[in-house]
Every structure is written in structure tokens, then in C-alpha cells.
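Trainee: Please see the structure below; I have some questions.
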Amino acid sequence: MKKFGLIGEKLGHSYSPLIHSKFGDYEYELCEAKEEELEALLKKEEYGGFNITIPYKKTVLKLCDEISDTARAIGSVNTIIRSEDGKLKGYNTDYDGFIYLLKAAKIDVKGMKCMVLGSGGASLTVQTVLADMGASEIVIISRKGENNYENINRHFDSEIIVNTTPVGMYPGNGRTPVNLDDFKNCRGVVDLIYNPNKTKLVLDAMAKSLPATGGLAMLVAQAKESSEFFQNKKIEDEEIENAIDEVRSETLNAILIGMPGAGKTLLGKEIADRMGREFVDIDDMIVEHEGMSIPEIFEKKGESYFRKVETEMLEQACVKTGLVIATGGGIVKKKLNYNIIKQNGVVIWIKRDLDKLETDGRPLSQSMPLDQMYEERKDAYSYWSDFFINNNEERE
Ligand SMILES: Nc1ncnc2c1ncn2[C@@H]1O[C@H](COP(=O)(O)OP(=O)(O)O)[C@@H](O)[C@H]1O
Ligand SMILES: O=C(O)C1=C[C@@H](OP(=O)(O)O)[C@@H](O)[C@H](O)C1
Ligand SMILES: [Mg+2]
């Protein structure tokens, strides 16, 4: 089988090789290229085809010999196949990918005023889908366009918001292109970014109980259709959900929270070992960063300083993927830490009876009754976690 490639300017963040490995047994390479290198790269016969990403989805149109009706109508190509006679045919599988994403998130755009942030190749596809699915109005916000971030207040009545810009994408985690508080009529939010799994925009929407989704389902659904072209065979739609589950389970961080001394560090190491993952302990990062033990930091610099460094270390760990992360028991004391943990994390609450909790080396556990600490924190542990593990059985 021929090999295939992903062409883009910067590809370090891409999940595409992982996703394509779920759909077929072919080589799939990352091909970072400058614009002037595109033509020569497309001519390389060892590649049976390509996916195209930022910023070349429009550029490659003129380099294809044939273009599918959908890709031509949108003005954007994300899949190229080399036919037997060497001709390059361009397709757009993002179109079906975006439809899949809207359906999976149960976001109905019919009759809605939709705001699309960004005007690149992905935006063109989104605009076409929204129009085809009956949006009542589509407004494009771009930095230099007629509708821009200076006069965005004209469109504060938008009902659906779709982000196609890279604002909030790794490594720029935590940023958002708009303030959702301004959009009182908002009924749904779609962010095409898939790393982090939940951007600030998506987390803000979820905090308002609005339907919201990141872009992973679109990425996987478009890859499935591209893979059908690559292999010239049908792949069932249910394979999309399987691949999404596998990608999530391989990339999301497992993050342990719970009372001090409950066994987060102990179990975290064990889980990481069993899963073959890297283990990170936020307390250890703090100790290394400060060159002091935790009791020393509390004594010399105070708790608020400790919490500041704790948040910085948490940010560094949680923008990464595929880790097991043990936090300190007080991580839930700062609301700011919630989004940091949730962006890429499955959160596990480690529970252990209070009378079994180790208090050595834990200044706060020694300075207040544990039942009072538990009262203060238990609602947060419950709200922040996706599930819990009981750690009351004695281990070796
Ligand atoms: N199930 C268990 N059985 C026996 N010892 C445990 C168990 N869970 C935790 N411990 C011990 O309790 C202490 C605190 O555990 P640790 O993992 O450091 O907690 P945390 O990181 O949540 O503060 C450690 O000495 C650990 O070995
Ligand atoms: O609960 C807390 O406020 C703390 C818990 C400790 O971590 P462990 O939960 O690993 O003991 C450590 O971060 C610090 O002593 C503060
Ligand atoms: Mg610990």
C-alpha cells in the first residue's frame, strides 16, 4: 500500500497519524512544508494521497487537476488523491465532518443567526454547511473584515457561535476569542479546536449549561471519509465513535484529586505504571521549583504564595496530554484551577476515611481538624470529579 501524508505549515500538534492508524493499516506521515514547496511535494509518487491543513486548504486548489463539486463550491480542499494516471483530485471531507460534529453535539442551526469566528479554509466549509442546513443568517467575524472584533457588538444577538480561529489552541490554552457573557441569546457553541479537548470557550459555554463541543469529532469524521478515499473502501460510521473514544483515552490526562493523604500519589504512580504513562505529581513539581519542602514553603512564604506556584505548576502539567497527574488536596480551593484541570482531564476523586489519612508533612492537615477541612472541600471534590475510587482497603 502507498503511503499518505498530512501537509501543513506547522504540524506538531496533530492527532491525524493516531486517528488514521485506527482506520487502516497504511503509513501516514506529517509533511511540514512551506508554500513554495507544495507543488514538488504533491508530485512525489510515493504518496497515494494527502490531507491538507492550515494554511493550504485554499492554496492547493490551483495545484489539483480535478476538484470535486463540494470542494469547488466551498473553495477549500482537505483531501487529495493521486489517481492511476497520476492526476491529482481534490475533495473536501471537512464538510461531512462538520455536519457530523453538529449532529453529535445535538446543535441544530436551522433558523438560527450564526456567528463564525475566522475567515480561513475551515471557515469556508463551516459557512457552506451552515447555509445548507438552513441557518437564517451567517456573520463572519475576522480581524480585518467588515465585521470585526471592534464592532462585534452589532452581533451580540447571535444564537450559534462557531470558532474556526486558532485562539485557545495549544500552546495558547486558556484564551478565548469572545466573551460569552456578551451573547445573551446564545444557544450553542462549537469550537473546531481539539487540543485542548475543551477550550476556554467550550468550558465557558458548559458553565452556562449551553450545548457545546470541541472539534475532535469533526477531525475524526473527516479523517474517516479521507481514509475511505485513501483505501477505496467503505468504513462504517460507528467506527468514528470508536476512534473518538480511543483517541480520548490515549490523550486525556487522568487527574487525581481528593483529601490530603488519601492516596493520590500512591495510586497515581500505580495507575501510570499499569497504563505505561508518565506520572506527574504537582507537589513534587512545586518542591523542585522552589527548592524547599512543602512545610518549609508554608512556613517561610505562606499559603497564598504556595497556591500561586501550585496553579503555575498545574498549568504546565495540564496543557500536556496522556499523563497521570496527582494534585495536592487543596487544588480545589481555587476556582481558577477548575478550567485548567478540565481542559484535558478525566478527573478521579480518591476517597479514603478521614481517620486513615496520613497528616505527616502536611501543614494544613496539622493545623485544622480534618472533618472541618472535608466539610469545606467535599462539594468541590464531588463537582470537579467525573468519578471516584474508594481507597479504604489496606494496600501493601
Ligand atoms: N490503601 C492504602 N493502604 C495503605 N497505605 C496507603 C493507602 N493509601 C495511601 N496510603 C499511604 O498513605 C500515605 C499518603 O498517601 P499519598 O499517596 O501520599 O496521599 P496523597 O497524595 O493523596 O496526599 C502514604 O504513606 C501512602 O503509602
Ligand atoms: O490539602 C492541602 O491543602 C495540601 C495537600 C498537600 O498535598 P497532598 O494532598 O498530596 O497531601 C500539599 O499540596 C499541601 O500540603 C497542601
Ligand atoms: Mg500527594
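For all residues, glycine too, the Cβ spot is worked out from N, Cα and C.
Automatic, uncurated: that is what TrEMBL annotation is.
Marked as ATP binding site by TrEMBL: GLY261, ALA262, GLY263, LYS264, THR265, LEU266, ARG362. According to TrEMBL, the Mg(2+) binding site annotation covers THR265. Taken from TrEMBL, the feature substrate binding site applies to ASP283, ARG307, GLY329, ARG377. As annotated by TrEMBL, domain 'Shikimate dehydrogenase substrate binding N-terminal' applies to 6-80.
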Trainee: Could you state the CA-to-CA distance between ASP283 (substrate binding site) and LYS264 (ATP binding site) to the nearest Å?
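Mentor: About 11 Å separates the two Cα atoms.
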Trainee: Are any of the binding-site residues GLY263, ARG307, ARG362, ARG377 near ligand 1, with a Cβ under 6 Å from it, and if so which?
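Mentor: Going through GLY263, ARG307, ARG362, ARG377 in sequence order, those close to ligand 1 turn out to be GLY263.
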Trainee: Could you please provide the mean pLDDT value for the domain 'Shikimate dehydrogenase substrate binding N-terminal' (6-80)?
Mentor: 95
Trainee: List the helix, strand and coil residue totals of the domain 'Shikimate dehydrogenase substrate binding N-terminal' (6-80) as derived from DSSP.
Mentor: 28 helix, 18 strand, 29 coil
Trainee: Report the binding-site residues (LYS264, THR265, ARG377) that meet this criterion: Cβ distance to the nearest atom of ligand 3 under 6 Å. Use sequence order and write none if nothing qualifies.
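Mentor: Correct list: LYS264, THR265.
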Trainee: Near ALA262 (ATP binding site), which binding-site residues out of ARG307, GLY329, ARG377 have their CA within 10 Å?
Mentor: GLY329
Trainee: Using all protein chains shown, find which of the binding-site residues GLY261, GLY329 scores highest when you count other CB atoms within 10 A of its CB.
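Mentor: The residue with the densest Cβ neighbourhood is GLY329.
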Trainee: Tell me, if you would, which residue among ALA262, LEU266 (binding-site residues) has the fewest other CB atoms within 10 Å in the structure shown?
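Mentor: Result for the binding-site residues ALA262, LEU266: minimum number of other Cβ atoms within 10 Å at LEU266.
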Trainee: Among the binding-site residues ALA262, GLY263, LEU266, ASP283, GLY329, ARG362, name every one whose Cβ is found under 6 angstroms from ligand 2, counting any of its atoms.
Mentor: ASP283, GLY329, ARG362
Trainee: Looking only at ARG307, ARG362, ARG377, the binding-site residues on record, which one has the least crowded Cβ, with the fewest other Cβ atoms within 10 Å?
Mentor: ARG307
Trainee: Name the one residue among ARG307, GLY329, ARG377 whose Cα is closest in three-dimensional space to that of LEU266 (ATP binding site); these are the binding-site residues.
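Mentor: Spatially nearest to LEU266 (ATP binding site) by Cα position is GLY329.
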Trainee: With the cut-off set at 10 Å between Cβ atoms, which of these binding-site residues ends up with the most neighbours? Options: GLY263, LYS264, THR265, ASP283.
Mentor: LYS264
